[in-house]
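As recorded in TrEMBL, the features of this protein are as follows:
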TRANSMEM  186-205  transmembrane segment
TRANSMEM  217-236  transmembrane segment
TRANSMEM  271-289  transmembrane segment
TRANSMEM  301-321  transmembrane segment
Amino acid sequence: IYQCLSCNKHRSNNSRQRLLRLKYFLYFYYFQIFCLQTKKVTQMMEWTSKRSVIRMNGDKFRRFVKAPPRNYSVVIMFTALQPQRQCGVCKQADEEFQVLANSWRYSSAFTNKVFFATVDFDEGSDVFQMLSMNSAPTFLHFPAKGKPRKTDTYELQVRGFAAEQLARWVADRTDVQIRIIRPPNYAGPLLLGFLLAVIGGLAYLRRHNLEFLFNKNVWAFSALCFVLIMTSGQMWNHIRGPPYAHKNPSTGQVSYIHGSSQAQFVAETHIVLLFNAAVTMGMVLLCEAATSDLDIGKRKIMCVAGIGLVMLFFSWLLSVFRAKYHGYPYR
(Lines of atoms letter the chains of each structure in order from A and count residues from 1; the text may use other names and numbers.)
(Lines give C-alpha, C1' and ligand atoms only; values in the text may rest on other atoms or scores of the structure.)
Protein backbone atom coordinates (compact mmCIF):
# COMPACT_ATOMS: atom_id res chain seq x y z
CA ILE A 1 0.00 0.00 0.00
CA TYR A 2 2.81 2.38 0.88
CA GLN A 3 4.49 1.74 -2.45
CA CYS A 4 1.24 2.45 -4.35
CA LEU A 5 0.77 5.69 -2.46
CA SER A 6 4.35 6.71 -3.28
CA CYS A 7 3.85 5.95 -6.97
CA ASN A 8 0.64 7.98 -7.09
CA LYS A 9 2.36 10.87 -5.36
CA HIS A 10 5.24 10.72 -7.81
CA ARG A 11 2.85 10.68 -10.78
CA SER A 12 0.95 13.63 -9.36
CA ASN A 13 4.16 15.62 -9.02
CA ASN A 14 5.11 14.79 -12.61
CA SER A 15 1.69 15.91 -13.85
CA ARG A 16 2.02 19.19 -11.95
CA GLN A 17 5.44 19.77 -13.43
CA ARG A 18 4.13 19.11 -16.94
CA LEU A 19 1.24 21.51 -16.40
CA LEU A 20 3.63 24.16 -15.10
CA ARG A 21 5.91 23.70 -18.06
CA LEU A 22 2.96 23.94 -20.46
CA LYS A 23 1.72 27.01 -18.62
CA TYR A 24 5.13 28.72 -18.84
CA PHE A 25 5.42 27.76 -22.49
CA LEU A 26 2.03 29.29 -23.28
CA TYR A 27 2.94 32.43 -21.34
CA PHE A 28 6.16 32.72 -23.26
CA TYR A 29 4.44 32.00 -26.60
CA TYR A 30 1.74 34.64 -26.12
CA PHE A 31 4.29 37.08 -24.79
CA GLN A 32 6.31 36.63 -27.97
CA ILE A 33 3.18 37.17 -30.09
CA PHE A 34 2.33 40.28 -28.10
CA CYS A 35 5.83 41.67 -28.50
CA LEU A 36 5.82 40.98 -32.26
CA GLN A 37 2.40 42.58 -32.72
CA THR A 38 3.45 45.59 -30.69
CA LYS A 39 6.60 45.96 -32.76
CA LYS A 40 4.60 45.80 -36.01
CA VAL A 41 1.99 48.29 -34.81
CA THR A 42 4.70 50.67 -33.59
CA GLN A 43 6.42 50.56 -36.96
CA MET A 44 3.15 51.06 -38.86
CA MET A 45 2.24 54.01 -36.62
CA GLU A 46 5.66 55.55 -37.21
CA TRP A 47 5.24 55.30 -40.97
CA THR A 48 1.70 56.68 -40.78
CA SER A 49 2.89 59.67 -38.77
CA LYS A 50 5.11 60.61 -41.71
CA ARG A 51 2.73 59.72 -44.54
CA SER A 52 -0.96 58.86 -44.35
CA VAL A 53 -0.49 56.24 -47.07
CA ILE A 54 2.37 53.80 -46.43
CA ARG A 55 4.42 52.87 -49.49
CA MET A 56 5.16 49.15 -49.50
CA ASN A 57 7.39 46.89 -51.54
CA GLY A 58 7.44 43.10 -51.59
CA ASP A 59 9.44 42.74 -48.37
CA LYS A 60 7.24 45.14 -46.36
CA PHE A 61 4.10 43.51 -47.71
CA ARG A 62 5.20 40.05 -46.63
CA ARG A 63 6.37 41.19 -43.18
CA PHE A 64 3.58 43.55 -42.18
CA VAL A 65 0.56 42.28 -44.13
CA LYS A 66 0.92 38.58 -45.00
CA ALA A 67 3.02 37.29 -42.10
CA PRO A 68 1.18 36.60 -38.81
CA PRO A 69 0.59 37.72 -36.13
CA ARG A 70 -1.31 40.89 -37.01
CA ASN A 71 -4.06 42.61 -35.02
CA TYR A 72 -4.80 45.42 -37.47
CA SER A 73 -6.44 45.71 -40.89
CA VAL A 74 -4.66 47.07 -43.95
CA VAL A 75 -6.38 48.64 -46.96
CA ILE A 76 -4.02 48.54 -49.93
CA MET A 77 -4.26 50.18 -53.33
CA PHE A 78 -2.34 48.26 -55.97
CA THR A 79 -1.37 50.77 -58.62
CA ALA A 80 1.04 51.70 -61.42
CA LEU A 81 1.99 55.36 -61.06
CA GLN A 82 5.22 55.44 -63.04
CA PRO A 83 4.99 57.65 -66.17
CA GLN A 84 5.99 54.82 -68.50
CA ARG A 85 2.88 52.88 -67.43
CA GLN A 86 0.62 55.68 -68.75
CA CYS A 87 -2.13 54.91 -66.24
CA GLY A 88 -4.14 58.10 -65.94
CA VAL A 89 -6.82 56.33 -63.90
CA CYS A 90 -4.18 55.32 -61.35
CA LYS A 91 -3.29 58.96 -60.71
CA GLN A 92 -6.93 59.94 -60.22
CA ALA A 93 -7.55 56.98 -57.91
CA ASP A 94 -4.39 57.79 -55.96
CA GLU A 95 -5.63 61.33 -55.29
CA GLU A 96 -8.93 60.01 -53.90
CA PHE A 97 -7.09 57.36 -51.85
CA GLN A 98 -4.89 60.10 -50.37
CA VAL A 99 -8.01 62.07 -49.41
CA LEU A 100 -9.43 58.97 -47.70
CA ALA A 101 -6.21 58.23 -45.80
CA ASN A 102 -5.71 61.86 -44.74
CA SER A 103 -9.31 62.07 -43.52
CA TRP A 104 -8.65 59.03 -41.31
CA ARG A 105 -5.16 60.09 -40.20
CA TYR A 106 -6.25 63.54 -38.99
CA SER A 107 -9.57 62.39 -37.57
CA SER A 108 -10.20 62.54 -33.81
CA ALA A 109 -11.27 58.87 -34.00
CA PHE A 110 -7.93 57.73 -35.47
CA THR A 111 -6.64 54.45 -34.02
CA ASN A 112 -4.21 51.71 -34.98
CA LYS A 113 -7.07 49.47 -36.07
CA VAL A 114 -6.77 50.34 -39.79
CA PHE A 115 -3.83 51.41 -41.93
CA PHE A 116 -3.70 52.51 -45.57
CA ALA A 117 -0.91 51.53 -47.95
CA THR A 118 -0.01 51.35 -51.63
CA VAL A 119 1.96 48.83 -53.65
CA ASP A 120 3.28 50.14 -56.96
CA PHE A 121 3.79 47.65 -59.76
CA ASP A 122 7.36 48.82 -60.38
CA GLU A 123 8.25 48.52 -56.68
CA GLY A 124 6.38 45.30 -55.88
CA SER A 125 5.82 43.31 -59.06
CA ASP A 126 6.37 40.13 -57.00
CA VAL A 127 3.32 41.05 -54.92
CA PHE A 128 1.21 41.36 -58.09
CA GLN A 129 2.41 37.90 -59.14
CA MET A 130 1.75 36.47 -55.68
CA LEU A 131 -1.87 37.68 -55.78
CA SER A 132 -2.35 36.84 -59.50
CA MET A 133 -3.25 40.46 -60.15
CA ASN A 134 -3.16 41.79 -63.72
CA SER A 135 -4.94 45.14 -63.52
CA ALA A 136 -4.54 48.42 -61.71
CA PRO A 137 -5.77 50.25 -59.76
CA THR A 138 -7.19 47.60 -57.42
CA PHE A 139 -8.24 48.03 -53.79
CA LEU A 140 -7.96 45.13 -51.34
CA HIS A 141 -8.73 44.84 -47.65
CA PHE A 142 -6.60 42.50 -45.57
CA PRO A 143 -8.51 41.81 -42.32
CA ALA A 144 -6.82 41.46 -38.94
CA LYS A 145 -7.96 37.84 -38.71
CA GLY A 146 -8.37 35.30 -41.46
CA LYS A 147 -7.83 35.55 -45.19
CA PRO A 148 -9.41 38.15 -47.47
CA ARG A 149 -12.83 37.22 -48.80
CA LYS A 150 -14.46 38.12 -52.09
CA THR A 151 -16.10 41.17 -50.50
CA ASP A 152 -12.67 42.41 -49.41
CA THR A 153 -11.99 43.31 -53.05
CA TYR A 154 -13.42 46.71 -53.91
CA GLU A 155 -15.73 46.78 -56.96
CA LEU A 156 -14.03 49.67 -58.70
CA GLN A 157 -15.88 49.37 -61.99
CA VAL A 158 -19.26 49.49 -60.24
CA ARG A 159 -18.72 51.98 -57.41
CA GLY A 160 -15.98 54.23 -58.80
CA PHE A 161 -12.98 55.45 -56.82
CA ALA A 162 -14.43 58.53 -55.11
CA ALA A 163 -13.20 58.87 -51.53
CA GLU A 164 -16.77 58.81 -50.21
CA GLN A 165 -17.45 55.46 -51.89
CA LEU A 166 -14.18 54.03 -50.59
CA ALA A 167 -15.05 55.21 -47.08
CA ARG A 168 -18.39 53.37 -47.20
CA TRP A 169 -16.61 50.20 -48.30
CA VAL A 170 -14.01 50.52 -45.52
CA ALA A 171 -16.80 51.04 -42.97
CA ASP A 172 -18.54 47.91 -44.24
CA ARG A 173 -15.37 45.81 -43.94
CA THR A 174 -13.85 47.21 -40.72
CA ASP A 175 -16.68 49.03 -38.86
CA VAL A 176 -14.48 52.15 -38.95
CA GLN A 177 -16.44 55.25 -39.92
CA ILE A 178 -14.38 57.83 -41.83
CA ARG A 179 -15.73 61.31 -42.46
CA ILE A 180 -14.23 62.57 -45.70
CA ILE A 181 -12.67 66.02 -45.44
CA ARG A 182 -11.55 67.53 -48.73
CA PRO A 183 -9.26 70.53 -49.09
CA PRO A 184 -11.20 73.65 -50.15
CA ASN A 185 -11.64 74.00 -53.90
CA TYR A 186 -12.39 77.55 -55.06
CA ALA A 187 -12.44 76.73 -58.78
CA GLY A 188 -16.21 76.07 -58.84
CA PRO A 189 -17.32 79.29 -57.08
CA LEU A 190 -14.85 81.35 -59.12
CA LEU A 191 -16.08 79.84 -62.39
CA LEU A 192 -19.71 80.42 -61.40
CA GLY A 193 -18.95 84.00 -60.42
CA PHE A 194 -17.15 84.59 -63.72
CA LEU A 195 -20.06 83.11 -65.68
CA LEU A 196 -22.59 85.28 -63.85
CA ALA A 197 -20.39 88.34 -64.41
CA VAL A 198 -20.22 87.61 -68.16
CA ILE A 199 -23.99 87.11 -68.39
CA GLY A 200 -24.58 90.27 -66.38
CA GLY A 201 -22.17 92.22 -68.55
CA LEU A 202 -23.81 91.06 -71.77
CA ALA A 203 -27.24 91.87 -70.39
CA TYR A 204 -26.03 95.36 -69.42
CA LEU A 205 -24.46 96.03 -72.81
CA ARG A 206 -27.65 94.96 -74.55
CA ARG A 207 -30.01 96.44 -71.99
CA HIS A 208 -31.84 98.34 -74.74
CA ASN A 209 -32.26 95.21 -76.88
CA LEU A 210 -33.20 92.11 -74.87
CA GLU A 211 -35.15 90.40 -77.62
CA PHE A 212 -32.71 87.48 -77.55
CA LEU A 213 -34.19 86.49 -74.19
CA PHE A 214 -37.47 85.82 -75.96
CA ASN A 215 -35.93 83.93 -78.86
CA LYS A 216 -37.40 80.43 -78.92
CA ASN A 217 -34.36 79.01 -80.72
CA VAL A 218 -32.04 80.10 -77.89
CA TRP A 219 -34.23 78.44 -75.27
CA ALA A 220 -34.70 75.34 -77.42
CA PHE A 221 -30.94 74.97 -77.89
CA SER A 222 -30.34 75.45 -74.15
CA ALA A 223 -32.98 72.87 -73.25
CA LEU A 224 -31.56 70.43 -75.81
CA CYS A 225 -28.03 70.77 -74.36
CA PHE A 226 -29.37 70.13 -70.87
CA VAL A 227 -31.28 67.03 -72.01
CA LEU A 228 -28.24 65.63 -73.85
CA ILE A 229 -26.04 66.13 -70.79
CA MET A 230 -28.51 64.43 -68.44
CA THR A 231 -29.34 61.50 -70.73
CA SER A 232 -25.67 60.74 -71.38
CA GLY A 233 -25.05 59.92 -67.70
CA GLN A 234 -23.22 63.00 -66.41
CA MET A 235 -25.18 63.01 -63.15
CA TRP A 236 -24.19 59.37 -62.52
CA ASN A 237 -20.56 60.38 -63.01
CA HIS A 238 -20.94 63.22 -60.54
CA ILE A 239 -22.40 60.90 -57.90
CA ARG A 240 -20.22 57.81 -58.41
CA GLY A 241 -16.96 59.37 -59.60
CA PRO A 242 -15.97 56.64 -62.11
CA PRO A 243 -12.59 56.64 -63.90
CA TYR A 244 -12.30 58.30 -67.31
CA ALA A 245 -11.19 55.01 -68.90
CA HIS A 246 -9.48 51.78 -67.96
CA LYS A 247 -6.03 50.64 -69.08
CA ASN A 248 -4.83 47.09 -68.53
CA PRO A 249 -1.22 47.39 -67.26
CA SER A 250 -0.33 43.98 -68.66
CA THR A 251 -1.58 44.40 -72.23
CA GLY A 252 -1.73 48.20 -72.41
CA GLN A 253 -5.23 48.03 -73.91
CA VAL A 254 -7.46 51.01 -73.06
CA SER A 255 -11.22 50.48 -72.62
CA TYR A 256 -13.54 53.44 -73.08
CA ILE A 257 -16.79 51.45 -72.88
CA HIS A 258 -17.49 49.51 -69.68
CA GLY A 259 -18.45 45.91 -70.32
CA SER A 260 -21.20 45.84 -67.68
CA SER A 261 -24.62 47.47 -67.61
CA GLN A 262 -24.07 48.33 -63.92
CA ALA A 263 -21.24 50.82 -64.48
CA GLN A 264 -19.75 53.24 -67.00
CA PHE A 265 -16.65 55.30 -67.72
CA VAL A 266 -16.54 59.09 -68.10
CA ALA A 267 -15.33 58.66 -71.69
CA GLU A 268 -18.38 56.50 -72.33
CA THR A 269 -20.75 59.32 -71.38
CA HIS A 270 -18.93 61.67 -73.76
CA ILE A 271 -19.28 59.14 -76.58
CA VAL A 272 -22.99 58.61 -75.90
CA LEU A 273 -23.54 62.39 -75.71
CA LEU A 274 -21.85 62.81 -79.11
CA PHE A 275 -23.93 60.02 -80.67
CA ASN A 276 -27.20 61.40 -79.27
CA ALA A 277 -26.32 64.89 -80.48
CA ALA A 278 -25.60 63.55 -83.98
CA VAL A 279 -28.90 61.65 -84.10
CA THR A 280 -30.72 64.80 -82.91
CA MET A 281 -28.98 66.87 -85.60
CA GLY A 282 -30.09 64.32 -88.20
CA MET A 283 -33.71 64.57 -87.05
CA VAL A 284 -33.54 68.38 -87.15
CA LEU A 285 -32.20 68.28 -90.71
CA LEU A 286 -35.01 65.92 -91.77
CA CYS A 287 -37.63 68.23 -90.23
CA GLU A 288 -36.10 71.29 -91.90
CA ALA A 289 -35.92 69.50 -95.24
CA ALA A 290 -39.62 68.76 -95.04
CA THR A 291 -40.85 72.17 -93.85
CA SER A 292 -38.35 74.82 -95.03
CA ASP A 293 -38.84 77.12 -98.03
CA LEU A 294 -35.40 76.46 -99.51
CA ASP A 295 -34.96 75.23 -103.07
CA ILE A 296 -35.43 71.57 -103.78
CA GLY A 297 -31.70 70.87 -104.26
CA LYS A 298 -30.70 72.11 -100.80
CA ARG A 299 -33.62 70.27 -99.25
CA LYS A 300 -32.50 67.02 -100.87
CA ILE A 301 -28.97 67.50 -99.48
CA MET A 302 -30.41 68.17 -96.01
CA CYS A 303 -32.57 65.07 -96.27
CA VAL A 304 -29.71 62.80 -97.32
CA ALA A 305 -27.43 64.24 -94.60
CA GLY A 306 -30.14 63.78 -91.98
CA ILE A 307 -30.80 60.17 -92.96
CA GLY A 308 -27.07 59.43 -92.96
CA LEU A 309 -26.54 60.92 -89.48
CA VAL A 310 -29.52 59.06 -88.01
CA MET A 311 -28.62 55.70 -89.53
CA LEU A 312 -24.88 55.87 -88.79
CA PHE A 313 -24.92 57.16 -85.22
CA PHE A 314 -28.03 55.28 -84.14
CA SER A 315 -26.42 52.03 -85.31
CA TRP A 316 -23.33 52.92 -83.23
CA LEU A 317 -25.58 53.53 -80.24
CA LEU A 318 -27.07 50.08 -80.70
CA SER A 319 -23.55 48.63 -80.86
CA VAL A 320 -22.70 50.23 -77.51
CA PHE A 321 -25.97 48.94 -76.08
CA ARG A 322 -25.25 45.43 -77.36
CA ALA A 323 -21.74 45.48 -75.82
CA LYS A 324 -23.10 46.44 -72.38
CA TYR A 325 -26.33 44.45 -72.32
CA HIS A 326 -25.26 40.94 -73.25
CA GLY A 327 -27.86 38.82 -74.94
CA TYR A 328 -29.33 41.67 -77.03
CA PRO A 329 -31.56 41.47 -79.05
CA TYR A 330 -33.83 39.97 -76.45
CA ARG A 331 -36.22 37.22 -77.52
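Glycine is no exception: its Cβ is also placed from the backbone N, Cα and C atoms.
Tallying C-beta pairs under 8 angstroms between the transmembrane segment (301-321) and each of 186-205, 217-236, 271-289 places 271-289 first. Beyond its flanks by at least six residues, the transmembrane segment (217-236) meets 242, 264, 268-270, 272-273, 276-277, 280 of its own chain at Cβ-Cβ distances under 8 Å.
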